Amino acid sequence: MDGGQKVEQLHGDVAEEDPGRRQRSMVDDADGDEKAPRQSKRVASLDVFRGLTVALMILVDGAGGEWPVIGHAPWNGCNLADFVMPFFLFIVGMAIPLSLKRIPDRGRAVKRVVIRTLKLLFWGILLQGGYSHAPDKLTYGVDIKHVRWGGILQRIALAYLVVAVLEIVTKDAKIQDRSSSGFSIFRMYFSQWIVACCILVIYLSLIYGIYVPDWEFRMQNADSPDYGKVLTVTCGTRGKLNPPCNSVGYIDRKILGINHMYQKPAWRRHWACTDNSPHEGPFKNDAPPWCVAPFEPEGILSSFSAVLSTIIGVHYGHVLVHMKSHTDRLRQWVTMGIALLVLGIILHFSHAIPLNKQLYTFSYICVTAGAAGIVFSLLYFLVDILNLRYAFAPLQWIGMNAMLVYVMAAEGIFEGFLNGWYYEGTNNTLVYWVRKHVFVKVWHSTRVGILLYVLFAQILFWALVSGVLHRAGLYWKL
């Protein structure tokens, strides 16, 4: 924790400030020599958006099992949970121009970016690499041969590193404070869009061009009758976007190794695997072998295309930096958001490119980035223009201490700590008692009880904790 007044967000940038407000404050202060310069104001809507995204992550992780409509889609499609990762990447991108704008020295900026990337990788591997078994198991530790290398923070770290360095290399100090309109911002940062196009072309070439041969894996689930057996998945094809034979999984198996991939992917709820789809359930007797195989949803090729979500977020940040009018900003943001959303929907429903979070397809990038742009525009209008900050204060507090809430709530570290104090048996913990007696029994419904538990005992609780820490000036910085 750090009591400094500058606040860091999930990926570790400094506090975001609205350049237009700062410029107007300086003009106002020029009227009198005795007036001290005013403090730059944060873009409150970006904090609210970050807090909303963290809250969504807690919601879908905690209640998605009982409410599949908000959980990850088993394969093609886009449920509420599938918006969380792109929203994070969009927010990371939007904050980059705001933070790097105040660091004119490129060497210092690159050093700062690299250090924060390493911190993100450390926390990502620690929390999602298998070392932490919270909140359900009172054990810790992982076999090095089975460490999971992919994860949420790891993907954010990669996108942040690539896009932040791109911003540092391509930005021109002479244009940083120049007002702009229309497509002039695209022209200013034309080189960044060239890089984005190159990323897209390489991704599409690999995902449709790589030949995927048959592959094998050893069953790792000790409860399965097939434990220890080597199972074979038949492919021998190229250009397929189905679960077993896509090039995203093939690249991860070759580079990461199948033992270092996520062992319980969402495709286990696929209709080909279980009759309970989209709910979890027992596998069909004739379920194909790939149903029990590992797959990395935050893998190499999918993380490569995920950089595009961050680049789109950077463009929204450029609009905030260069345009001083609220109307001009909203016009740019909403227009681009709607265009991306429509393009992605057309690609999906025309069966050209399906929406798929696991593969991070181009249609998925368009739909989720477009949705992020529209949601942020709405929050900007409500919070920064209409000044309805009190209504969104809980989300803003979470957004200003996002790393803390992510670790303690979304990754279950705090619940894991509470579960360590039990009565007579490890199933009789405070968390279990509160969830069962205060929520499930009162509402006579497991589904409703779990949902309310997540909303009140997790999201609202950590919003209040974040609010107290905000009043004390305490924030978790990276």
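Using N, Cα and C of the backbone, Cβ positions are placed for all residues, glycine too.
Quick look at what TrEMBL lists:
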- 1-39: region 'Disordered' (REGION)
- 8-37: compositional bias 'Basic and acidic residues' (COMPBIAS)
- 42-166: domain 'Heparan-alpha-glucosaminide N-acetyltransferase catalytic' (DOMAIN)
- 43-63: transmembrane segment (TRANSMEM)
- 83-101: transmembrane segment (TRANSMEM)
- 113-132: transmembrane segment (TRANSMEM)
- 152-169: transmembrane segment (TRANSMEM)
- 190-211: transmembrane segment (TRANSMEM)
- 300-321: transmembrane segment (TRANSMEM)
- 333-353: transmembrane segment (TRANSMEM)
- 359-383: transmembrane segment (TRANSMEM)
- 450-469: transmembrane segment (TRANSMEM)
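Across the domain 'Heparan-alpha-glucosaminide N-acetyltransferase catalytic' (42-166), DSSP helix (H, G, I), strand (E, B) and coil residues number 82 helix, 4 strand, 39 coil. Between the transmembrane segment (359-383) and the transmembrane segment (450-469) there are fewer than 3 Cβ pairs closer than 8 Å, counting only pairs 6 or more residues apart in sequence, which means the two stretches are not in contact. The average pLDDT computed over the domain 'Heparan-alpha-glucosaminide N-acetyltransferase catalytic' (42-166) stands at 91. The listed stretches are 43-63, 83-101, 152-169; of these, 43-63 has the most Cβ pairs under 8 Å to the transmembrane segment (450-469). Comparing 43-63, 83-101, 190-211 for CB pairs under 8 angstroms to the transmembrane segment (152-169), the maximum falls on 83-101. Residues 9-11, 13-14, 16-17, 19, 43, 46, 49-50, 53, 56-57, 60, 109, 152, 155-156, 159-160, 163-164, 167-168, 171, 176, 298, 306, 309-318, 320-321, 357, 364-365, 368-369, 371-373, 375-376 of the same chain lie 6+ residues outside the transmembrane segment (83-101) yet bring a C-beta within less than 8 angstroms of a C-beta in it.
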